[in-house]
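Okay, so here's the structure we're looking at.
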C-alpha cells in the first residue's frame, strides 16, 4: 500500500510543499524568514479574529471597545498587544526577507519576486487600515493625512478622496469600511502567499552562492523543518518579550488619546515600519511628487530583475556590490530615523539627501558597480 501522504489529492500538495520538497543543501538562516512570515500571518489572523469578536467599528464606541478588550475581556490585553506587536515582527521579518532576496539575487525568479512585491503592498495597506481602527489621535490624523495624499492625483483626486472617506472628512463611514477591508485583506494575502509558493516551487529555492543546486538537494523534512522550528521559537521569544515587558515600546503615546478632529497632534507620524517611506514622501516639497516618490520607493523593487547587470547572481562573491548594499541598508535606517523627526533643519536636508541616495543606489550605483565587477572578471 502506498503512503497516503503521496496519494491523497490534498495531503499530496502539502507533502510536495513541506515534506518531500527538494531543497538546496546550503541555504542559511536567511532562508528562515519565509516560514516566519507564515507564522506571523497565522498569529495575526488568529489574534485579529478574537479582537474582532469584541471590537465595534463605530466612531462613538471604537476607542471604548479597545479599552474594554484590554480591561474586561479575559486575556484581552494579551491578544491586543500580540496583534499590535505581531505587526512589528511581521514587518521586521518582511524587511529581512526582502533584503535577503536583494543580496542573494533571488529577484531573478521574477514571478515569485513580483508577487512578493504585491504582497508587501497588501501587508502595508492592511497594517495602515489596522492602525486606524483603535480611533486614537494618531489613528484619526494618520488616516486623514495619508488618504488626503490621493487628492494629489490630477482631475479625479478630490472626488477619489471623498469617495474613500464616504463623506467630506474621515468619519464613521471611513472607520467601518477600513474595518471591513482590514478583515478581508489578510485572507487575500493568504491566497497570494499560496501563489507566491506555487511560483517558488516551479523553480526551487535559490541559495547563498547563487549557483544552480539541482545536483545537491536534500528533503525539506526533517532538515529544514527542524531549522525553521528554531527560527519560530526565537520569533515567539522576541514577540512575547515585547508583549509582556514593553508592549508600548513601538507604539505612539498619542494613540491613547481618543480621536479629536478639532485638535491636531504636534507631530503626525505613522508606525515605525512606514517611517522610511514617510521620510521620502516628506522630502519632496511638491504634493504629487511626494506621493509618486512614496509609491515608487516600494514599486522600484519590481525593477531589480531588469537592473541586474552582473554576470553573477548572488552578491556572495562581489565585495564592491556588498559595500553598496550595506550603504543602502544604512540609508534606509537613516530614512526611518528622519521619518520620526519633526520637519525642521537639519532633518529636512538629511531626509532629502537620504532619499536621493536611495534612488541613486538602486537605479545607478548598483548597476554601474555590477558592470565594473564584470570587467574585473576578465583580468
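Glycine is no exception: its Cβ is also placed from the backbone N, Cα and C atoms.
Among the ranges 178-198, 199-219, 262-282, the stretch that Swiss-Prot annotates as transmembrane segment is 178-198. With a cut-off of 8 Å on Cβ pairs spaced 6 or more residues apart, the transmembrane segment (347-367) and the transmembrane segment (288-308) reach 3 or more such pairs and are scored as touching. For the transmembrane segment (178-198), the partner stretch with the most Cβ pairs below 8 Å, chosen from 33-53, 113-133, 226-246, 288-308, 320-340, is 113-133. Note: the Cα of residue 182 (heme b b562 binding site) and the Cα of residue 201 (ubiquinone binding site) are spaced 29 Å from each other. Taking pairs at least six residues apart, the transmembrane segment (226-246) and the transmembrane segment (33-53) share three or more Cβ pairs below 8 Å and count as touching.
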